[in-house]
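Heads up, the thing below is written out as C-alpha cells.
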C-alpha cells in the first residue's frame with residue numbers, strides 16, 4: 001500500500017535483502033528514553049537495600065555515673081547480594097548523677113560475679129578484682145586476690161569504662177570515645193566555629209597585625225587600644241615580642257591584667273566565661289590564648305614602653321559579630337580613651353574626647369571633699385626636694401583624674417630644670433590618694449619636683465609626685481629661687 005500523500009517513508013536495506021522502514025528521529029528518542037528508564041528502575045530495585053529509621057535510645061547501661069545507651073535499625077534487603085552500608089547499632093554516652101561514695105565500680109562488679117565459683121576446671125575458688133595490665137582493655141581481665149595470675153572472662157559489658165583514667169567506653173570489645181555529638185566512635189569534632197562536625201562555614205577568621213610603631217608625636221607613652229574582641233570569639237591568640245605590655249579589659253571597664261600601670265604575673269585569668277592564659281618570658285615575649293567562646297566584649301590594649309614591632313592577633317568570629325568588629329572603628333589604631341576634667345574657659349583637646357567605651361574606674365575628683373594640706377615652704381625645703389628629686393620642671397595642669405586609689409594629672413611641660421631622662425611635651429604626673437597633697441589646680445602652672453617610679457620588673461617608668469611633695473605655683477620669683485637652689489645641690493644632673 002503506498003504511503004499517504006504528503007509523506008515519504010524511508011527504507012533501509014537489511015543484509016538479508018529485506019527492506020525495513022527507517023524509524024523516525026522523534027520516535028527513536030522516545031523509545032530509547034523508555035527503555036533506559038525501565039532498565040534503570042529495574043536495576044535500582046534489584047541492587048539497592050535501605051535502612052529503616054533509627055529506633056529509640058535504650059536505657060543507660062549504668063544506674064549512676066557514666067554509661068552507654070544504644071539504638072538500632074534494620075536493613076531492608078531487595079536482594080541477598082547487596083547489603084546496606086553502615087552500622088545497624090549506634091551507641092552514645094549517657095550521664096547520670098554521680099555514684100554514691102563506696103559504690104562498687106562497674107568493672108569490679110563484673111569480676112565479683114565469679115567470686116567463689118570454680119572457673120579453672122577444678123574445685124579451687126578465688127576472689128576476683130579487676131586487672132588493668134592486660135593488652136585488651138575491653139576484655140574482662142580479673143586478678144585472683146592473693147595470687148599472681150589473672151583470668152579473662154570474655155568481654156566486659158557494653159558501657160564499661162576502658163580504664164580508670166580514660167573517657168572511653170567499651171563497646172563490642174572496642175574502646176570508643178564519644179564525638180562532639182555524644183555518639184561513641186563517630187569521630188565528629190567541633191570546628192573552629194563551635195559547630196559539631198562543621199567545616200568552619202558558620203564563622204569567619206580574623207588575623208591582623210597591629211603595626212602602630214609609637215604614639216603620635218606630642219603624646220606620651222601609655223595605654224593604647226589594639227582591637228575589640230567581640231562577644232562569641234573563639235580560639236583567641238595574641239603575640240607580642242617587645243618590652244611593651246599587653247593589657248586586657250572587660251566590657252565593664254575593669255582590667256583583667258596589666259591595668260592601671262600595674263604589671264601582673266603571668267597566669268590564668270577567668271573572664272567573659274572563659275579562661276585566658278597569659279604568659280611572658282624573658283621580659284620580652286608575651287602571649288595570651290583563650291578557647292572561648294567569650295560571653296562579653298573584651299578590649300585588647302598595649303602599654304607602650306618602646307616602639308612596637310607588631311602585635312599579632314587572631315580569633316574566629318560568628319558572621320554577625322564580624323560585622324560588629326568591622327563597624328567598630330574606635331579600638332583600631334586609636335589612643336587610649338582619656339576622660340578629662342577641664343574648666344569652663346578651656347575646651348578639651350581633640351584626643352581626649354569620649355569614645356564607645358571608657359574605663360569607669362577613672363573618675364573626676366571632687367575637690368570640695370578634699371581637706372587642705374600643708375605645702376613645702378622655705379629655702380631648706382626647696383633645697384631638700386630639689387636635690388632628692390629626679391625631675392624638676394615647670395608644667396601646666398590640663399586635666400585631673402582619679403584612677404583607682406591614685407590621682408593622674410595630664411600636664412604640659414613648659415620648662416625642665418632637672419631630669420634624668422628627657423621629658424615629653426605631654427606627660428602624666430601621678431600622685432598617691434584620691435585627695436593628694438599637694439593638690440594641683442586645673443589650668444594653673446606649677447614648679448614641680450617629681451620622682452622616678454619604676455615597677456618591680458624595672459621596665460615601667462612614670463613621674464610620681466610624692467605625698468607632701470614639692471609643687472609651688474610658678475612665678476618669676478619662684479623661677480629665680482629654684483635656679484639659685486640648683487647651683488647649691490651637689491651632683492645635680494643637667495636639664496635635657
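Using the three backbone atoms N, Cα and C, a Cβ is placed for every residue, glycine included.
Of the candidate ranges 320-344, 345-369, 370-394, 395-419, TrEMBL annotates residues 345-369 with the feature region 'Disordered'. Proximity of residue 99 (disulfide bond) to non-local residues of its own chain (separation of 6 or more, Cβ distance below 8 Å) is seen for 64, 65, given in sequence order.
Mean pLDDT for the domain 'NTR' (370-489) in this predicted model: 81. Under a cutoff of 8 A between CB atoms, and with a sequence separation of 6+ in the same chain, the neighbours of residue 84 (disulfide bond) are 49, 50, 51, 75, 76, 77.
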